[in-house]
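*Asks:* The structure under discussion is supplied below as structure tokens; questions concerning it will follow.
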Amino acid sequence: MPSRKFADGEVVRGRWPGSSLYYEVEILNYDSKSQLYSVKYKDGTELELKENDIKPLTSFKQRKSSSASSSPSRRRGSRGSRGSRSRSRSRSRSRSQSPGRPLKGSRRATSASYQADVTEMRREILEVKLTPLVLRHSWFLPCSGWSFQWTDCQECQPNSVRAHGGIELMQQKPFGNSISTYNGRPEPEPEPEPQPSKGKDVPHRKPQERFTMSQEGSYVSTQHSLRPRREEIKFSEVNSKEEKLVAKEPDSPRMFQVATPQRRKLEFGGVPGALLIMLGLPVTVILLLSLCRQAEPSLLSFPPPLPALCDLWEPQAGGLYLLWFFVQVLLSLLPIGKVVEGLPLVDGRRLKYRLNGFYAFILTSAVLGTAVLWGLELHYLHEHFLQLAFAAMVFTALLSVYLYARARKARGPELSPASCGNAFYDFFIGRELNPRVGSLDLKYFCELRPGLIGWVVINLGMLLAEMKVQNRAAPSLAMVLVNSFQLLYVVDALWNEEALLTTMDITHEGFGFMLAFGDLVWVPFTYSLQAFYLVRHPHELSWPLAALIVALKLCGYIIFRCANSQKNAFRKNPSDPKLAHLKTIHTPAGKNLLVSGWWGFVRHPNYLGDLIMALAWSLPCGFAHALPYFYVAYFVTLLVHREARDEQQCRRKYGLAWERYCQQVPYRLLPGVY
């Protein structure tokens, strides 16, 4: 195996990809397998270069000192009139040979002054700076894996895109100098590269990856341009033997033949998986609730006898669910709570959100508490639990149809990057990213309000039903623990409502059947399964065992809350003095990855805390049946799947920096295990 030539931390010169220009870089590390150096430019860009594309600083100093005598034409140009034998003094000056003939109309007083001008222009051209361009817009071509982008730039004149036996992209024609652009942020798929010189492609990039478009447009990227410091440089041919430093812009726009597009891999098993999930989720909920109502909810008696369809639908339950949903809509529109902006969209816009979920929870609790004191029979929820769940399913299906119908008119940045154009898949995953009716963001509203607050209301109804069914003067210790644990979870989510704006559900997922069913049906009617189970299957819990379960719950909550708080604080203000002790890894995207604190323990400490809490609120039900632990089994599957999706997106987004993070933090979810 060949030994490395440059050491880590050494400052050298690295060739800029697609050009013959060298810039000062710092060696970060060396991969012996791929034999590539990871280097960092002065602007923070990190790339991988071959050893042939890296040169020490001393080699450039030697070239500069010997450049004056490296070309025979330059030596001839330095002779002046003394070395030229001519009969006339005036003719000897005009006939003296000079390095490279200028274009018509341009004359030099002397060859020495001309050489000085050439040297000056070379210096100006080599002194390239990164100039931020304006925000670039993009839209996604469904199901093809292509995303097209345009720029709001007064210098650039975007040309149209046309198909001719394949897809061809017309290069933007600037009015001024020729500009090559480099996207300083890693993307899910490689974007069109700068104009490459023949035979000088990026060494570590495959040929088929050239000039391919990104498959996702859900992020905001900042472009940089390689621009000479002087805006107007007219540089003619210096020497036919030397490489031209500045290429003249052709009169007609040039065409680039795009490589064959790589179709984006759909999640959840694609269209077949989406259809299976849409059919399987409602059946799973009905089976779970039907099994939990049995006197002996053993898995050996699975599947339980299913109720008739006419028994599932009850108009009173449907009306009650509609009333609940629209009351929460009205509470969300109250002018209380602060208004914040979400993350930037693809077109640069920031949507505004009113954070009043906690106030809505307080008002709902006050109204329901007063109604219970006045004689409201909240145990109705237990007696008609299956009918309420079915009403929520019908409402979710109708809402999903409405969301897909209105999303057919959505274009460009309004589309979800997860959609593909297939009707069944887009209906499932969601075609529109942020569907809104006036100021009401439907996805953001459904994430927390009807389902999460409804979960607490259902638990309270189960507590009252336990007292009635078991003739108790007070609820059981197990029921109190389940209600308390899950109440803390909901209150924490509503109190930290702003953190939801940075989650994958808000920034990446469209709003379709998957999220609608999860928010409105799955969360309130399966997360409350422990309380529903304890109504007909009591479990007497001892105080020492209860103390251990409480300690486990607090341990999980501390990990969950501290990890999320640390992450949110670092996102808001990375330069906060309180976070100065944390170690980070800089990424080409301009962000830093935490590699110490909670995020140096495992890669997803918040998921670990979430999983511990899920186990804690299932343990009060005992071990007589496995049904109360369905949530734990489901949650493990959910977190492993979501963790894999997070890993994939972070690897595309941060590239080599994410690989370095994975080396320093090897375990994903559980230290020493996974």
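Note that Cβ sites are derived from N, Cα and C of the backbone, with glycine treated the same way.
Because TrEMBL annotations are produced automatically, they should be read as predictions rather than curated entries.
What TrEMBL records for 4-62 is domain 'Tudor'. Look at TrEMBL and you will find 52-115, 171-228 tagged as region 'Disordered'. Feature annotation from TrEMBL assigns compositional bias 'Basic and acidic residues' to 198-209. The transmembrane segment annotation in TrEMBL covers 271-291, 321-346, 358-376, 388-405, 473-491, 511-529, 541-560, 611-636.
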*Asks:* Hey, which of 271-291, 388-405, 473-491, 511-529, 541-560 has the most Cβ-Cβ pairs under 8 Å against the transmembrane segment (611-636)?
*Replies:* 541-560
*Asks:* Short question: most Cβ pairs under 8 Å with the transmembrane segment (321-346), which of 271-291, 388-405, 473-491, 511-529, 541-560?
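*Replies:* Stretch with the highest Cβ contact count: 388-405.
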*Asks:* Short question: most Cβ pairs under 8 Å with the transmembrane segment (541-560), which of 388-405, 473-491, 511-529?
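*Replies:* Maximum Cβ contact count belongs to 473-491.
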*Asks:* Using a Cβ-Cβ cut-off of under 8 Å, list the residues of the same chain that are 6+ residues beyond the ends of the transmembrane segment (271-291) and lie near it.
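*Replies:* For the transmembrane segment (271-291), the nonlocal Cβ contacts are 297, 301-307, 312, 385-386, 389-390, 393, 422, 424-425, 427-429, 513-514, 517, 521-522, 525-526, 529, 532, 627, 630.
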*Asks:* Should anything in the same chain at least six residues away from the transmembrane segment (473-491) have a Cβ under 8 Å from its Cβ atoms, list it; otherwise answer none.
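*Replies:* Residues 358, 361, 452-453, 455-456, 459-460, 462-463, 466-467, 527-528, 530-531, 534, 538-541, 543, 546, 549-550, 553, 557, 613, 616-617, 620-622.
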*Asks:* By DSSP, how many residues in the domain 'Tudor' (4-62) are helix, how many strand, and how many coil?
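*Replies:* Its residues fall into 9 helix, 27 strand, 23 coil.
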*Asks:* For the domain 'Tudor' (4-62), report the average pLDDT of the model, please.
*Replies:* 84
